[in-house]
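Under the heading compositional bias 'Basic residues', Swiss-Prot lists 10-19, 31-40. Annotation comment: Swiss-Prot describes 20-30, 160-169 as compositional bias 'Basic and acidic residues'. According to Swiss-Prot, the feature compositional bias 'Polar residues' maps to 49-58. Residues annotated as compositional bias 'Acidic residues' in Swiss-Prot: 147-159. The region 'Disordered' feature in Swiss-Prot is assigned to 1-100, 144-169.
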Amino acid sequence: MKPSSSNSRSKGHAKARRKTREELDQEARDRKRQKKRRGHAPGSRAAGGNTSSGSKGQNAPKDPRIGSKTPIPLGVTEKVTKQHKPKSEKPMLSPQAELELLETDERLDALLERLEAGETLSAEEQSWVDAKLDRIDELMQKLGLSYDDDEEEEEDEKQEDMMRLLRGN
């Protein structure tokens, strides 16, 4: 005999009670009343709307009717158009001025001193030094200048050539 199983089945599957016509009418009226109330409350635009955004440091709510205090010109004025200045490129220096700048460059001098002392430079520093020295060579060739060391070597070579010629004859 299983009285518990028959009781549990009846409790679990209880029929839902049907609503009467009056209850259904009352629910319909309530739904209609709720539908009429949808939308914003009357006067919400002037009442302050966003109280959370602007009133952190102020106690009094700000009146939304008060606008900006910046003056607005009432007359017709000509519109000033700004002309965009093109970015000026580095001014072209004369070869002489550029050569002087490169010869007095402190960074280049410091790196050359480090090289003479036997230190090894990083790849970036070495490439920078090489580029600057190449530019100095180009400028000196444009100006027709040469290193003092080169002049002495050329003179030595000329003297050696002359000595060879004299000995050979």
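One is the number of the first residue shown, and numbering goes on along the chain from there.
A Cβ is built for glycine as well, from the same backbone N, Cα and C atoms used for every other residue.
The shown structure was predicted, so the numbers you read here are calculated from the model rather than taken from an experiment.
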Residues in the compositional bias 'Basic residues' (31-40) grouped by DSSP into helix, strand and remaining coil:
6 helix, 0 strand, 4 coil
Run through the compositional bias 'Basic and acidic residues' (20-30) and tell me, per DSSP, how many residues are helix, strand and coil.
10 helix, 0 strand, 1 coil
